[in-house]
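Under the heading coiled coil, TrEMBL lists 155-182. The domain 'J' feature in TrEMBL is assigned to 7-74. Sequence annotations record features per position, and here TrEMBL assigns transmembrane segment to 98-116.
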Amino acid sequence: MYCGRRECYDILGLRGQETTATTAQIKKAYRSLSLQYHPDKNPSADAKIIFQELATAYEVLSSPLSRASYDHYLNNPDDHAYNYGMHVYHVYAPKSDYRIIAVGFVLFLSVVQYLAQSHRHKQALAYFRQSDEVKRKAKLIQADRSRTDEGKAKRAFVKDKKQRKEQERAELEEIIDDLMANLEITGGYSKPRVANLLAVRIAVFPFTIAKYLAWQITWWYRYSVRGLPYSKEDVQYLTLKALGITEDYFLSEQFVEDREEVLRRELWVPENLEEYQKDLETRWKKKNPKKYKQMLASRNRSVVPDLEPDNSDYEYESD
């Protein structure tokens, strides 16, 4: 490692001065010997090889960090793992621009992030496509279309029963395709967005910090100093924070509650939030009496207290 079989100090003519040689002395020794063995000035066959050895030795000893690692290597030759690791670091690390490596790594992670999110989104679409709810909606739409004059004309034109079934199946698939195209999935299975990528987040991070600080100051001045009532946007922010949901989910079809009613209840107040959760629980019990009885029976068998349905069940099950 480092200078090969010979010691770097010996190559520069500094044997015995391992601990005393200064940077100036190392530089002086290198200049003197490099002029003597430079291939352009020395015609001997070994001049080129010796000159390369001098350059390697000077590169190792001229840097305080690499010299310290080399001295450790000389004093502790049995410390193989550390010595080899430091040798690789000093040989290859200086040749790479850390900024380029960092940017490349962030871009790589961003690409992986986008592909992974796209795969998850496709999985969710495939799941919803096969769900009973989507098929039920598609059949309702198909039934509405069949009652129109245009739908009746299409079916009257097809006399064969087998062909009519194939036509209805094709129409149903077309309707499902339309539903999938307009379906909004939130959370971890949402459609990938460029704004959510790591590279973009890092790029706009200073702006995000400035925007957040400005928002905090505005909030403090408006509501703590002036005591103004909450604006509609801030009511929504406080409500979503209390419920622990995102704005995308709140505005999507997956949120089945009356939005205006939810915003009106001031759920950021603990008492109001507790009352709202009890209302959800009561409605869930009425709509799903069998499931509730099964949960009670399971709780009694396992003797586990407070095994009640969580809020996510209410959000997905309620009308």
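Every residue, even glycine, has its Cβ placed from backbone N, Cα and C.
Curation does not apply to TrEMBL; its annotations are automatic.
On the 0 to 100 pLDDT scale, the model's mean across the domain 'J' (7-74) is 88. Remark: secondary structure over the domain 'J' (7-74) totals 46 helix, 0 strand, 22 coil, with classes taken from DSSP.
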